[in-house]
Structures are given as structure tokens and as C-alpha cells.
């Protein structure tokens, strides 16, 4: 890798996703998952990995008529103080209902993107029989996903619509 490549900022190889695109891709994910659940093709519940998985999970739950929806909050990034986000070890901040989850059988766990796979690896260790689905997947994380729609290169930075305005806008509160 050249020194120019090493100094490239994450957004220099960017993939911008609009609200319309995430909606279409999330519906495509639902279509791919339809009839694949263990209970005569049905899923018992959808669990969104917050925060990025919430919009896709909502769309998947609607399309598949899944009424039981929960979240698991996993933090694996922290703000780099104006620099590109930097990784740290993943940890669960909020877990879904334990009685509902069991070992994950019949549970559909949804996220927007699998990058390194560390977040899904942590969640999969807790719910080994759950089905993991993401809208987008990078090669390093693909082994952690059962179903995804679009593959992107490992060095691509995805700009999701909830992170964007006409230009990047810091959230009102907090950057984690």
C-alpha cells in the first residue's frame, strides 16, 4: 500500500446511501428473508442492533409482518475527536429480553452494515442460533452474516442518510 493510500481519509472512497436507497435495500433484505424462518418460514422476533440497524429492522419487520421487535445496543466505535472514527472493543450496553431471546432460535438480528465483524461476533456468541442479516457487508465481516444484500470493499466508507445533511452534521449530543 502506498503512503498516499495510507493517508487517505475514510470518506475519500465513500458510498453515499440515500433514504430511498436504504428503504429499497431493506425491502430487498426482507424479500430475501421471507419464508426463511424456522417456524413454517416465520420469524419469532426482529432485534435491531442499535443504532444503525433500527431503520432496516423497522422496514424488515413491517414487510414480514413481525410484531415483536427489540434492540440490542452494542458500542464498538468512539469518536476520534474530529478524525475518522476509531475502533475499540465491542461491549453490550443494552440487551434484549432474555426470555424472548433464548439461544436465538427464530430470532432475526438486523444491522445496517457488518464491517470488521466484531459487533456481530459478540452478539452471535450470546445468541448462536439467531439469524444475522445486514443490508451491507464488507469482506472481513461477511463470515458473521447469514444474509446480506450488497457487498462493499473493506476500504469503502459508507455514509448513511441518518449521518448526513447537505454536509456532515455532528449530532446535538455525544459522538459515540
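Numbers here mean position along the shown chain, with the first residue as 1.
Each residue, glycine too, has its Cβ placed from N, Cα and C.
These come from Swiss-Prot:
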- 51, 52, 88, 111, 112, 113, 114, 115, 116, 117, 118, 119: 5-phospho-alpha-D-ribose 1-diphosphate binding site (BINDING)
- 88, 115, 116, 117, 118, 119, 157, 158: GMP binding site (BINDING)
- 112: Mg(2+) binding site (BINDING)
- 115, 158: guanine binding site (BINDING)
- 115, 158: xanthine binding site (BINDING)
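Location within the structure of each feature annotated in Swiss-Prot.
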residue	record	DSSP (3 states)
51	5-phospho-alpha-D-ribose 1-diphosphate binding site	coil
112	5-phospho-alpha-D-ribose 1-diphosphate binding site	strand
117	GMP binding site	coil
157	GMP binding site	strand
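Reported as a whole number, the C-alpha separation between residue 116 (5-phospho-alpha-D-ribose 1-diphosphate binding site) and residue 158 (GMP binding site) equals 13 Å. Residue 51 (5-phospho-alpha-D-ribose 1-diphosphate binding site) sits 15 Å from residue 158 (GMP binding site), taking the Cα positions as reference. Across the structure, residue 112 (5-phospho-alpha-D-ribose 1-diphosphate binding site) and residue 158 (GMP binding site) are spaced 10 Å apart at their Cα atoms. Ranked by Cβ neighbours within 10 A across all protein chains shown, the binding-site residues 51, 118 are led by 118.
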